[in-house]
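Undergrad: Quick paste from Swiss-Prot:
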type	residues	note
REGION	1-268	region 'Amidoligase domain'
BINDING	S14, K188, S189, K190, P191, T192, Q193, K224	UTP binding site
BINDING	S14, D149, I150, E151, K188, S189, K190, P191, T192, Q193, K224	CTP binding site
BINDING	S15, L16, G17, K18, G19, L20, D72	ATP binding site
BINDING	D72, E142	Mg(2+) binding site
DOMAIN	293-533	domain 'Glutamine amidotransferase type-1'
BINDING	G352, L380, G381, M382, Q383, E403, R461	L-glutamine binding site
ACT_SITE	C379	active site, nucleophile
ACT_SITE	H506	active site
ACT_SITE	E508	active site
Amino acid sequence: MPFKCIFLTGGVVSSLGKGLTAASLALILERQRLNVAMLKLDPYLNVDPGTMNPFEHGEIYVTDDGVETDLDLGHYHRFSSAALSRHSSATSGQIYARVIKREREGDYLGSTVQVIPHITNEIIQVILDAAKEHSPDVLIVEIGGTIGDIESLPFLEAIRQFRYDHSEDCLNIHMTYVPYLQAADEVKSKPTQHSVQTLRGIGIIPDAILCRSEKPLTQEVKSKISLFCNVPNRAVFNVIDVKHTIYEMPLMLAQEKIANFIGEKLKLATVPENLDDWRVLVNQLSQDLPKVKIGVVGKYVQHRDAYKSIFEALTHAALRLGHAAEIIPIDAEDENLTMELSQCDACLVPGGFGVRGWEGKIAAAKFCREQGIPYFGICLGMQVLVVEYARNVLNLDQANSLEMDPNTPHPIVYVMEGQDPLVATGGTMRLGAYPCLLKPGSKAHKAYNESSLIQERHRHRYEVNPDYIQSLEDHGLRIVGTCPPQGLCEIIEVSDHPWMIGVQFHPEFVSKLISPHPLFIAFIEAALVYSKDASHV
């Protein structure tokens, strides 16, 4: 087999941080001069998470080639340089759909279609396709869910078969939770033992066990886990809860020397990893930096994972400017919304769907425009800006988006050509990376280091109605970014405002700790200028 494969499974509890672990391993292996690819296998029956409630699932992360994926792919991107595409994510829904489609087309020649071998063969093909697409030295495969869940069984059986055929080229890391009982002042390894026992019962013997814990495990506990789980003592690794930031994770894994174990086990030709630049950034994040307050106005603010990439992009940009982003979640339905915004240095309205909270976001944009507070509207946040401007500057009182009011006499935001939200919702939006031409002299042009052509990722169905663009521009709302050749409105700026910008795309999806997105840097710069203004109380 031309590549090596690391399978990452989880046990005891969910939300262990497998995605962060996979991303951290990718970073370390890349620093050992290996080419790494990533694959997330999710056991849910949705074809993709695109139609799932953010409260239930968290944010939807979009790849360059227009695939709606799990938020873990955002972690993969922010930590590593692994190329992510439609071959980096698969769900049970996708896999079952492919098998059923082939059965309907007669591809199985009358055979009884079963989980084994048809579903498991399809899962194996997904793994092979991911490797073929990216040609990695190492493919890291994260299996969603928890060992013992019924829905994960086909994936685990596929992994068992894959390992059987390629035993020398595969490694399984099983991640577990080792709880600490405060009353007894001790950690308990029994849940880990039971989880490994369940995994072994499926036919998978882990090569290493990665123990997540609140406190460091003693050598005695590690030895106990080694003995009862039948793995070498040196293959029991421990990561404790991070103290300050998730970006500590690669440093913790490097300290455990897990990459050395992987290299020996898979016979990889590597060099020692150099994480010095990463360590510098993590140390900065751990300092008591001056804060910049950013109000994020949305309807899912109680669930931070719903805006994960937004929050991380703000953190990246603030750190680049020597500050810590203090993110103030503001519910778009909060009656005291403007009072809360008055205490912030800037406001960001992220993407979203639906009428709930819409008028609150309009109120936030109006308040920021009138008070000179820096405003960054992303996707829906840009549409909020345009509708507010039309209502209160163009005096089109009933201006609205067709999404919010299908009967509005002034559809400032309308459905894109070829889009019909009533026909189908899953995977039908304008998705993925598209080019954008920037207008010289604009704030956006300056932020992008005066590049004339950029490319950003999209996820939307509605756009600014071109019938109103001339009137908007005549009243001071500049269209400074357009998508060729149709000229779709991509970036807008308010001329007489210090920094009020809306973008139809999602810049947060490409921000990294080591390379913050330029628009977020410009936004934080504007917030810092505003915070120093003597008139800001």
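Using N, Cα and C of the backbone, Cβ positions are placed for all residues, glycine too.
Walk me through the surroundings of each of these features.
TA: Residues belonging to the region 'Amidoligase domain' (1-268) score a mean pLDDT of 94 in the model.
There are 17 other Cβ atoms within 10 Å of the Cβ belonging to K224 (UTP binding site).
Cβ neighbour count for T192 (UTP binding site): 28 (other Cβ atoms within 10 Å of its Cβ, all protein chains included). DSSP assigns T192 (UTP binding site) to a helix in the three-state reduction.
Within the same chain, no residue at least six positions away from S15 (ATP binding site) has a Cβ under 8 Å of its Cβ.
There are 24 other Cβ atoms within 10 Å of the Cβ belonging to D72 (ATP binding site).
In this view, L380 (L-glutamine binding site) is surrounded by 25 other Cβ atoms within 10 Å of its Cβ, with every protein chain counted.
In sequence order, P350, G351, G352, H458, R459, H460, V503, Q504, F505, H506 are the residues near C379 (active site, nucleophile), counting only same-chain partners six or more apart with C-beta under 8 A.
DSSP gives H506 (active site) a coil state; it is part of no helix or strand.
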Undergrad: Determine the minimum-neighbour residue: among L20, I150, listed as binding-site residues, which Cβ has the fewest other Cβ atoms within 10 angstroms?
TA: I150
Undergrad: Taking the residues S14, K188, S189, K190, P191, T192, Q193, K224, which the record names as binding UTP, find the longest CA to CA distance and state it in Å to the nearest whole number.
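TA: Value for the max Cα separation, rounded to a whole number: 23 Å.
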Undergrad: When DSSP is mapped onto helix/strand/coil, what comes out for D72 (ATP binding site)?
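TA: DSSP assigns D72 (ATP binding site) to helix.
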Undergrad: Given the ATP binding site residues S15, L16, G17, K18, G19, L20, D72 in the record, what is the largest Cα to Cα distance, rounded to whole Å?
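TA: Greatest Cα-Cα span of the listed binding residues: 12 Å.
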Undergrad: Tell me the Cα distance separating S189 (UTP binding site) from G19 (ATP binding site), rounded to the nearest angstrom.
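TA: That comes out at 23 Å between the alpha carbons.
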Undergrad: Counting other Cβ atoms within 10 Å of each residue's Cβ, which of the binding-site residues L16, M382 comes out lowest?
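TA: Each of the binding-site residues L16, M382 was scored by Cβ atoms within 10 Å; lowest is L16.
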